[in-house]
Amino acid sequence: MKIYSRTVAVSLIVSFLLCFSAFAERNDGTFRVGLKKLKLDSKNRLAARVESKQEKPLRAYRLGDSGDADVVVLKNYLDAQYYGEIAIGTPPQKFTVVFDTGSSNLWVPSSKCYFSLACLLHPKYKSSRSSTYEKNGKAAAIHYGTGAIAGFFSNDAVTVGDLVVKDQEFIEATKEPGITFVVAKFDGILGLGFQEISVGKAAPVWYNMLKQGLIKEPVFSFWLNRNADEEEGGELVFGGVDPNHFKGKHTYVPVTQKGYWQFDMGDVLIGGAPTGFCESGCSAIADSGTSLLAGPTTIITMINHAIGAAGVVSQQCKTVVDQYGQTILDLLLSETQPKKICSQIGLCTFDGTRGVSMGIESVVDKENAKLSNGVGDAACSACEMAVVWIQSQLRQNMTQERILNYVNELCERLPSPMGESAVDCAQLSTMPTVSLTIGGKVFDLAPEEYVLKVGEGPVAQCISGFIALDVAPPRGPLWILGDVFMGKYHTVFDFGNEQVGFAEAA
């Protein structure tokens, strides 16, 4: 996913700046991109607030069967990213880019970008200075959750370390509106996703590496160093894996839909207790361009409640629980089909056959992804969340009074409009482990792994690494596993066998 014009304005925090450190070829035929990390200051969080000021706090998106590229529109690059250095042209013109497994195009600012502030603050590609430039001219545009770019395609040589990819199609960005790319520490983005979601169907750089025989094995892998005291930020390995980067064996799961590195995910556990949310299956995307771990509002609210994260009060949610909570509880006890409950009590206008959209709003215009402002949509989504929450508590044999009190508390923990939720830095030891089930194996995240620290000393803040993102069926429910997860687990992107592998990082 990257999640995009459907705007998930999340934006947090501490981030790792992945600058190009060193590229090296080894005897095993792999090429390594050394990564360095830098902490982001609070400017990006402020920028995100400005960018998202007019946006809705909670969103659900309906993506059609051909909506693969739509997820890109949700992407937000203002939280934390990994960067590296590449060059375009002959002689090489250097750019810092995000190595992003959640998108597939390469773009950098163009010298023909005259009126966007972002272009003035970053290096620009000058085709007239490259002897290997070939004119293309096809128009291109990409919309993100907190930003957009537009421009045209060109062809030129792209250098990644010692690898020179010939005749690579890329986008020269001539428009970068908004504040997102103004404050960004990177110049452009290098997508490592599948060609299926590439704007203009341009072959990704990774595809041409393989096609031109620059890489022996169709595999690349990420190791992200989460130790803030070490200078080395991590490593991106093209052509294989480094056994020193992980412990034990990888758990592999097949890619279920080419476009993103998407796979099936099982249940989510909080403190070892199943939530049941993904018992019937959820989809997940491994995304190096996202710092946090994003999931449906319903379950993210439960997680943030368990870790003591403070969000904003949703009056709509509390109103629904106050007026209909007991009715929902009674219907569940009478074994009414959960997906039909909200329509039965008149809060939803459908009977659940289209699938439950676990969010506060739903999008009916999939092409333009316009948000609905109807109060009815909000009440329907609040009802759907309440059904899931009450189900979860019934499985634990809680009393009716305790269940309704718990659901009211969850309403108060709904994420803030920024998507971020603060936690008490002094309470890490009391927070539960949060676990994801992938390929039948449980992958744990401890508090120190999912809580992100912004700033130092008395002004330091701790932020939950979980943010809400609602994608309606058939694409959703969808999870985005960003750096919070990939930092704990070394990740292998096996293009040849179309699978993703996870093992504990060393």
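Using N, Cα and C of the backbone, Cβ positions are placed for all residues, glycine too.
Among the features that Swiss-Prot reports, disulfide bond is placed at C113-C119, C278-C282, C317-C411, C342-C383, C348-C380, C425-C462. According to Swiss-Prot, the feature domain 'Peptidase A1' maps to 82-503. Residues or ranges marked as domain 'Saposin B-type' by Swiss-Prot on the basis of sequence analysis: 312-417. Swiss-Prot lists 1-24 with the feature signal peptide.
Overlay of Swiss-Prot annotations on the structure.
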| residue | record | Cβ within 10 Å |
| --- | --- | --- |
| C113 | disulfide bond | 22 |
| C119 | disulfide bond | 23 |
| C278 | disulfide bond | 22 |
| C282 | disulfide bond | 21 |
| C317 | disulfide bond | 27 |
| C348 | disulfide bond | 23 |
| C380 | disulfide bond | 25 |
| C411 | disulfide bond | 24 |
| C425 | disulfide bond | 12 |
| C462 | disulfide bond | 20 |
Of C113, C278, C282, C342, C411, C462, which disulfide-bonded residues come within 10 Å of C380 (disulfide bond), going by C-alpha to C-alpha distance?
C342
Among the disulfide-bonded residues C342, C383, point out the residue whose Cβ has the most other Cβ atoms within 10 Å, with all shown protein chains included in the count.
C342
Among the disulfide-bonded residues C113, C119, C282, C342, C462, report those whose Cα falls within 10 Å of that of C317 (disulfide bond); none is a fine answer.
none
For C278 (disulfide bond), which DSSP three-state class applies?
coil
At the Cα level, what's the spacing in Å between C119 (disulfide bond) and C278 (disulfide bond), rounded?
43
Assigned conformation of C462 (disulfide bond) - DSSP reduced to three states:
strand
Close disulfide-bonded residues near C348 (disulfide bond), where close means Cα within 10 Å, chosen from C342, C411, C425:
C342
Report the nearest neighbour of C282 (disulfide bond) in space among the disulfide-bonded residues C113, C425, C462, comparing Cα positions.
C462
